[in-house]
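Notes follow the structure.
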Amino acid sequence: MASQHQNGGRSTELRHDPVTNRWVIFSPARAKRPTDFKSKNPQNPNNNSSCPFCIGNEHECAPEIFRVPPDLNDPNWKLRVIENLYPALSRNLECPCEEKQGMEFPGRVIGGFGFHDVVIENPVHSVQLSDMEPREIGEVFLAYKKRIQQILSVQSIKYVQVFKNHGVSAGASMSHSHSQILALPVIPSSVSARLEGMKEYFEKTGKCSLCEVRAKELLIDESSHFISIAPFAATFPFEIWIIPRVHSSHFHELDFEKMVDLGGLLKLMLRKISLQLNNPPFNFMIQTSPVQVKESESCYTHWFLQIVPQLSGVGGFEIGTGCYINPVFPEDAAKVMREVNLPMQD
């Protein structure tokens, strides 16, 4: 579907992505050149005068779950996993799975049980994730894996979301580099829609939609175990997916060698985003599968890491329809990112 309006040789298009199961409108008339699409709010770390995440201020934080290295008597930790001081869900509820009908409205209600944790990625306030070595980022991923595996012992948990907010407008209340883990007693609707889209593609083609991603125009970089792309129907400008080459349903199935490899590619993508887009706020999310995946579902469920620079707002059309307008075609975004000449670090 294309309109007659032309801009820079491209027509407006509607694209449907079989992974997100969502329509996206690409409207280049709404933007200048892709290279002009820079953040107006670059992130500058604030001062660390009273940061509870800094080394030496551990007493100001919520209870610690574990640290690396694990010696509690050694003050020189590399990273810590702690409970969120202001959790979205409570880990202390009784009867967490009990569901009931709403008394005054036609909906369902379950207790707000779940886990909401914080991963402090580095003890030094000024060090961001993109400043760390691939092996150090791999250790952050290993902490995610360890905590996810601990949470999976709780039967009522259905989905675990790992995410990072960088910058105030991306939702970060603290500038000290950290990420979060939120474990839910339900499967979110966007996850269900993603799985349904992957299933529909598999039923039509007999193939996994992410194993099939090989378009050179969308490729940004690649490593031994991962590729990074601008997705075919990117919801947001300069959105990037990092996808495992080998089919895998769950992030927590990764071994440490692949985590270090992923760390190198993630570092490269974050540095490219910072250089090309003026250090914008961003989010990244690990889009994994629900805790329980049937054998029949495992052939089309494939996890990936999604990076979203915060470059444009969401308006009434997007909220009302769930259909997004993206002013930058992914082929153009991928080209802009490929043009940043940075080496991959081992």
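First residue shown is number 1, and so on along the chain.
Cβ atoms here come from the backbone N, Cα and C positions, even for glycine.
The domain 'Galactose-1-phosphate uridyl transferase N-terminal' annotation in TrEMBL covers 12-188. Marked as Zn(2+) binding site by TrEMBL: Cys51, Cys54, His125, His176. What TrEMBL lists as active site, tele-UMP-histidine intermediate is His178.
Taking the features listed in TrEMBL, we show where each one sits on the structure.
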residue : record                                       : CB count, 10 Å
Cys51   : Zn(2+) binding site                          : 17
Cys54   : Zn(2+) binding site                          : 18
His125  : Zn(2+) binding site                          : 20
His176  : Zn(2+) binding site                          : 22
His178  : active site, tele-UMP-histidine intermediate : 22
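Taking CA atoms as the reference points, Cys54 (Zn(2+) binding site) and the residue listed as 'active site, tele-UMP-histidine intermediate' are 11 Å apart.
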